[in-house]
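> A single structure is presented below for examination.
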Amino acid sequence: MNWITNYVRPRINSIFSRREIPENLWVKCDDCGTMLFHREMSDNLNVCSNCGHHMNITPRERFEGLFDGGIFTEVEVPEPLNDPLHFRDQKKYPDRMRAAQKSTGEKEAMLVATGEIGRTPIVAAAQDFSFMAGSMGMYVGNAIIAAAEKAVELRRPLVLFSAAGGARMQEGILSLMQMPRTTVAVQMLKEANLPYIVILTHPTTGGVTASYAMLGDVQIAEPGALICFAGPRVIEQTIREKLPEGFQRAEYLLEHGMLDRVTDRRKMPKELVQIIRMLMHMPPPVSGDLPAPGPADITPVPPAPSEQK
Ligand SMILES: [Zn+2]
């Protein structure tokens with residue numbers, strides 16, 4: 001080691017990584033390859049305006065699009081033990097965590113918030129696939145428990161958006177323990193007679209699919225989402241057979257009775273409002289509960305009979 005590797009190189013790297021890359025302004029659709037302007041993309045909730053392909057969206061962006069006026073209050077999540085196993089693969093676990101925190105700007109892989117959609121109060125939790133593949137560790141377990149407790153306290157439904165590569169291997173068995181913990185949290189909601197709605201987003205896999213992501217009263221998925229316990233490649237290698245087209249995708253699972261609905265992200269808030277109001281025995285949404293209608297939606301009021309003379 002010398003001063004070039006220890007001092008000069010990190011300086012050079014930090015100067016270059018700080019620079020805005022103009023390519024960031026354009027995003028290529030993973031499915032159809034259309035180049036999309038990033039502003040247009042975020043206005044469209046990261047759905048391709050050409051083919052309707054649903055790309056990843058961070059919990060914060062999702063909540064901004066979901067809640068009325070983009071306003072929500074974050075729910076505090078208790079901090080778990082830091083690196084209890086002193087785990088190390090190619091990198092130390094705390095180093096991986098710091099890198100993920102730096103690249104996403106978030107503390108961990110789940111965001112919990114309270115707010116209103118269509119003037120319907122809810123508690124929402126969303127998993128962040130860009131944070132260490134949304135993996136379920138102790139923090140995610142704590143977040144789901146905090147969300148369920150908040151929902152019971154405020155007597156609101158819990159809406160959960162799942163996205164995960166499974167359990168967080170750096171926390172070993174402690175991450176697997178989150179499966180029963182979160183199952184108990186869901187049970188708390190059921191005992192309090194509160195709806196628990198799961199929206200499965202691409203991809204939801206592994207231990208997450210084997211626990212809280214499959215326990216919803218209503219199971220909704222985003223179009224094209226991969227939802228499975230073991231992935232298609234593992235299954236193909238094990239059974240040595242070609243799997244059917246669209247296997248483990250949202251539409252396939254809807255056809256085979258694993259899901260209740262597949263809903264476009266852009267139509268999700270409206271649909272959630274209807275479902276929640278029905279389950280919470282609230283009056284159906286009236287026009288005052290929803291954003292103001294456009295001029296084309298307003299039908300002129302017929303004149304009163306006395307005026308017709
Ligand atoms: Zn596309």
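Cβ coordinates are placed from backbone N, Cα and C, and glycine is handled just like the others.
Nobody curates TrEMBL annotations by hand; they come from automatic prediction.
Just so it is clear, the model here is predicted, and its values are computed rather than measured.
Got these off TrEMBL a minute ago, pasting:
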- Cys29, Cys32, Cys48, Cys51: Zn(2+) binding site (BINDING)
- 300-309: compositional bias 'Pro residues' (COMPBIAS)
- 25-294: domain 'CoA carboxyltransferase N-terminal' (DOMAIN)
- 286-309: region 'Disordered' (REGION)
- 29-51: zinc finger (ZN_FING)
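Are these features on the surface or tucked inside, and what touches them?
Sequence-distant contacts of Cys32 (Zn(2+) binding site), defined by Cβ-Cβ distance under 8 angstroms and a gap of at least six in the same chain, are Cys48, Asn50, Cys51, His53. Secondary structure at Cys32 (Zn(2+) binding site), as computed by DSSP, is coil.
Listed by sequence, the residues of this chain that lie at least six past the ends of the zinc finger (29-51) yet keep a Cβ under 8 A from its Cβ atoms are 57, 61-62, 65, 224, 264-266.
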> Where's the emptiest Cβ shell within 10 Å among the binding-site residues Cys29, Cys48, Cys51?
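Candidates: the binding-site residues Cys29, Cys48, Cys51. Fewest Cβ atoms within 10 Å: Cys51.
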> What mean pLDDT score does the domain 'CoA carboxyltransferase N-terminal' (25-294) have in the model?
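That region's mean pLDDT is 94.
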> Compute the centroid of the Cβ atoms of Cys29, Cys32, Cys48, Cys51, then list the same-chain residues not in that set whose Cβ lies within 8 Å of it, in sequence order, for the Zn(2+) site.
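Neighbours within 8 Å of the Cβ centroid, excluding Cys29, Cys32, Cys48, Cys51: Asp30, Asp31, Gly33, Thr34, Leu36, Ser49, Asn50, Gly52, His53.
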